[in-house]
Amino acid sequence: MKDLLNLFNQQRQTLDFDAIKIGLASPALIRSWSFGEVKKPETINYRTFKPERDGLFCAAIFGPIKDYECLCGKYKRMKHRGVVCEKCGTEVTLAKVRRERMGSIELASPVAHIWFLKSLPSRIGLMLDMTLRDIERVLYFEAYVVTEPGLTPLERRQLLTEEQYLQARQEHADDFDATMGAEAVYELLRMIDLQSEMARLREEIVVTGSETKLKRLTKRIKLIEAFIESGNRPEWMILTVLPVLPPDLRPLVPLDGGRFATSDLNDLYRRVINRNNRLCRLLELSAPDIIVRNEKRMLQESVDALLDNGRRGRAITGTNKRPLKSLADMIKGKQGRFRQNLLGKRVDYSARSVIIVGPNLRLHQCGLPKKMALELFKPFVFAKLQRRGLATTIKAAKKLVEREEAEVWDILEEVISEHPVVLNRAPTLHRQGIQAFEPVLIEGKAIQLHPLVCTAFNADFDGDQMAVHVPLSLEAQLEARALMMSTNNILSPANGEPIIVPSQDVVLGLYYMSRALENKKGEGMVFANTSELKRAYDNSVVELHAKVKVRITEIETDDRGLRSKASLIVDTTVGRALLSEILPEGLPFVLVNTEMTKKNISRLINSSYRMLGLKDTVVFADKLMYTGYAYATRAGVSICIDDMLIPIEKKEILGEAEQEVLEIQEQYQSGLVTAGERYNKVVDIWSRTNERIAKAMMDTIGTEKVVNTDGEIVDQKSMNSLYIMADSGARGSPQQIRQLAAMRGLMVRPDGSIIETPIKANFREGLSVQEYFNSTHGARKGLADTALKTANSGYLTRRLVDVTQDLCVVQLDCGTAGGLTMTPIVEGGDVVEPLKDRVLGRVVAEDVFLPGNDDEPIVTRSTLLDEQWVAKLEEAGVQSVKVRSPITCESPFGVCALCYGRDLARGHLVNMGEAVGVIAAQSIGEPGTQLTMRTFHIGGTALSAAAVDNITVKTSGSVKFTNLKYVEHVNGTLVAVSRSGEISVLDTHGRERERYKLPYGATINVKDMAEVKSGQILANWDPHNHPIVSEVAGFVRFIDFVDGVTVIEKTDDLTGLSSREIADLKRRGSQGKDLRPLVRIVDKKGNDLTIPGTDLSAQYLLPPRSIVNLQDGAPVGIGDVVAKIPQEASKTRDITGGLPRVADLFEARRPKDPAILAERSGVISFGKDTKGKQRLIIKDADGSEHEELIPKYRQIIVFEGEHVTKGETIVDGEPSPQDILRLLGIEPLAAYLVKEIQDVYRLQGVKINDKHIEVITRQMLRKVEIVDQGNSKFLNGEQVERQRVIDENAKLIARNELPAKYNPVLLGITKASLATESFISAASFQETTRVLTEAAVRGTRDNLRGLKENVIVGRLIPAGTGQRYHSQRRYSSVGLTQSEMETLVGRSTSSGTEVTSPSKDAIPLGG
């Protein structure tokens, strides 16, 4: 018996391994795999259905068809195990060996492996230093190649045509060898001596001068080095023996009706065997050369088709005209082995059904239909029935269950109690799409889902379906309960805000009960406590919305954590007081003593979680939901057409707008405005009008006049059903109500431009035919967009997951001093994101001091900033904090807990092993479908605002200038002459309240540090023109002004004033080519003046289309406008918005016309122009010059004599992220990416924490480029994983040798995923063939560090609970005990860093 058990065990064992290596298979290796040679193309005998001997399904080679039974039936049963039948040659063993035993085909002539030939760059070509075309001509028998020149003048690897070959044979007889076909290539590859070739190339690379040659040599050196290191031989890229896949992996299945379904591979193998056998015969018969050659070529083609059909020439098709699936097709693409069977598998013990709402469930429960539960938990029920003695065998138990006896249901109840199930809704865009619940048995066939988790699943009840899975093992159940339970997923991992938030009906009910109305029954009554009030309400003494006074008892917690009771009488309403009854102890009544809109409810749940913890919050959320439903039912809110009130002012406002449009039309016809300006102005007018009508409508709907208790008529918020729904955040938005009751507004054409005639009607009035067609235009575009968006968004998520999948938290502290400096984000003067939101949950990198006081730090280094710390920082008026960031983390693989900071979904420091990469990818990808696909024209979008032309202060305080260069005008105002200047407004504590960018040429009405009042105008400028300002006083001198050539004189009809416009380059003709019109400022005697602080003369180059209003010789003062450039033209640039913009940023694509940044700091001057380019020179402090040639059509935004700093924009445009990295470094790049990506999401109202974007940026910066190889083995210009260079340099420094120098490189997410160290992960992402070819040549070893690789090889992932398993495996193989291991892994904090946090629950370190 013992032997029998051992026998079963030895077949179950799996290999334990730490890495996977891939390489080229030598012919000897292929033969060692083989269990016999396949000699015939036959598959099975059509009469007996038994495999043919020596055929593709031969039992003698591949093993028996039935377990322990030979083919002829002589040996049966297990007792003959291992016997080889002498009659049919089959070994008696398990049939499943037919899945693992390989065969082989001995090829009559060598054949090139198509992957190493055609997968670019061609490895065979690189190895032989021949072009792919030449090698193909040799392989496919079109040319000879010299393999051994002997003493003849021919050269090795020289190609000869048929004629040249015959001529050479006549001249030199047998002194040389030249052949064609794969034999020739095989010979050439076999002759290569890798070591000496390597030495020769290394010598050559030093002396070579040409750039292209250098590239080619570097590639060859890398390739040959790879061959030497991996132990591969070049001639193995040519096949002399072909392996045959085990037959059960290319099955032949009988269908009913006597036909067979077969795998395409069998057809492909059959062709190879047929041609190979035919070739053998021809060679035996020594047939004419031309026939043999043709047969060899056909053999080569059939092997090509088997390995990768369609890679060369036309794909071989089967009977039904579709290309046959070759071995390469089996592994690549969505249906390939990687993505279909290894990364995504079907799961047993699962069910799916429609979902319905379960308003009486608790948060941790879901309703499971009885039938479904019985099917899912069948094995458990069988076992219990047997254990109870209700059934003797499994069969009997099965009968009981099928009859659905009464006791079965009782046992099912017991089985499912405390056994969580996992619910999943597709598409699973983030980890909240799979959560665990405790099942409750229900009648019917639909699954009941708790309403509060709908947001997380993005589920609604209009026919959505969900899948149920049963965690079977104890560990799985434990993880489902501890980590995946819906009650543990209250906060969203994307932004740390509650995701379990009531919506729709619940919000409506809570909002309805918390509204206060004037003059309701019982107003002014005073109650001793809430229960007294409840009695009064139940007896209809007071109404729900009446304003009353109630005594509330609260429990307060002081700083030391002591709790005390406090009573206070509050002004509130009946509804709010009733709501306070469900408040958990410890939450202040203030939180519900307000209108419970969706925002406030979210804030309430958030406060509850932070103050009271998880358990109380879950119970509270449930109570809120029940209450909300109850009062929504009582409210009985419904909408009807009378709720859509059209404002009386609408007619009047429309009349005014139409009048304005007419005026502009007249101006256009008399030529005062251009077509573009007219369009922009009309769109502007209608946008403004729409806003005005919408505001009037919201005022009409949202307020009503009522009589209060004193008999006065007052305004109060109305109880209009439509308004209630929008105001509470339950359903609908002002945008939608505006279309129902105000006006539909401007519509968008499919290309994103705006139709200038708006829809003046609303849906209540109804649209006219023309209006209806205008509106269908935009609506159809919307639907088409949605379909595209879903696919694009899914693909973005896939790329993001792929690039970050191997990033986990690996240690507590990497000990780095680096970090990013965080400041509030200000746009258009408003603080869009205050500092507190940006630093919350981050770890401080440097001590933070009070502004202007460097003695006592407020917050010390390595403190995790939680809500209390952030409040302290805000109180102190701190404006910038340096925090640790994943980008600057120095952990070798992964990130450390302190650089990452708080786990947003849990609210404490992140645990060891958390897969922060995948979380980041999901958080960014999940809202992808909410983003638009639009490109915006800055002409004004359907929601455009009018152009800004001044800065008006919103808060009182003092003014502070930063980076601002200005000159003082004669009249005392200041004129800005810098581009990056900013004005901030500080409050009394020195905290920045507003910040504005100042354009060049703006007039500033205040001095630095002056006091300002709110509403005061600080600065103004002309939004439609870009001025050129003189920095010195003197007289104007025109240079190169030639009438009719470089300038066009224009006289204004109305005013009679003349101005000169600089002519466009195209209009100048030949004599104006080299003229450069400029204005120079001179003194009385006509000598050039210089710009203060430089030795450059004060002259201003005038770009085309600029307008000069001065006359030659006119006096100018400091700060006067010399010329102005109309802004109209440069503004039509499209802004890519939405999803495409996010994808462009993550792919690190260069914009079309990128901004040109200053390569160094210095003073600007202009040199001689070339044909289509302008020459701009930057002269730095030590006098060296840098030249930049800029196309004439680009707008240079700097002037002669201006001082620029390195990395500043000198030519307008979108900056390229690569330039920012190169000139400014990693921190500004990170800031740029975070800002740009956040702008897109913020526009859609999506909140994502910065750290997710930083995590992805870290992965984009994984590689570095070697600038100077030093004594390392890297090559100049090579891109290497940063960690490899750091390790290599450490070794070099230890040996006192020169380390390699390198620069960081920014890779797009697709490139970064393919350039990962793991070839398994890269191959399963994209370009499978290329990745595997490259890896095989290099003999790459995959250390299985990431998540994907481990899923593919079928192990636990090295993240979360799997991380302990992996570290235990690693240490037990070295022979360490558990306790030794824990000291190594770092239960203690490493590098002596303490993590401090003032919250009452301490942070669990190390998980």
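The backbone N, Cα and C atoms fix where each Cβ goes, glycine too.
Residue ranges 1048-1071, 1360-1383, 1384-1407 are listed, and Swiss-Prot annotates 1384-1407 among them as region 'Disordered'. Of the residues proposed, C640, C889, the one Swiss-Prot records at the same Zn(2+) 2 site as C814, C896, C899 is C889. Taking Cβ-Cβ distances under 8 Å and a sequence gap of 6 or more within the same chain, the neighbours of C889 (Zn(2+) 2 binding site) are C814, T816, V895, C896, C899, Y900, R1258. Here the C-alpha separation of D460 (Mg(2+) binding site) and C85 (Zn(2+) 1 binding site) works out to 64 Å.
Annotated Zn(2+) 2 site C814, C889, C896, C899; additional same-chain residues within 8 Å of its Cβ mean position, judged by their own Cβ, are Q811, D813, T816, R884, P886, T888, E890, S891, V895, A897, L898, Y900. Neighbour counts of Cβ atoms within 10 Å were compared across the binding-site residues C70, C72, C85, C88, C814; the minimum falls on C72.
The secondary structure of C899 (Zn(2+) 2 binding site), as reduced to three states from DSSP, is helical.
Classification of D464 (Mg(2+) binding site) by DSSP places it in coil, neither helical nor stranded. Surrounding the centroid of the Cβ atoms of D460, D462, D464, where the record places Mg(2+), the chain contributes additional residues within 8 Å, namely I355, A459, F461, G463. A simple Cβ count within 10 Å picks out one of the binding-site residues D460, D462, D464 as the most packed, and that one is D464. It is C899 that, of the binding-site residues C896, C899, has its Cβ surrounded by the most other Cβ atoms within 10 Å. Listed in sequence order, the residues A59, L71, G73, K74, Y75, K87, G89, T90 complete the 8 Å Cβ shell around the Zn(2+) 1 site centroid, once C70, C72, C85, C88 themselves are left out.
Cα-Cα distance from D464 (Mg(2+) binding site) to C70 (Zn(2+) 1 binding site): 53 Å (rounded to the nearest whole number). On the backbone, the CA of C88 (Zn(2+) 1 binding site) and the CA of D462 (Mg(2+) binding site) stand 63 Å apart. For D462 (Mg(2+) binding site), the nearest neighbour among the binding-site residues C70, C72, C85, judged by Cα separation, is C70.
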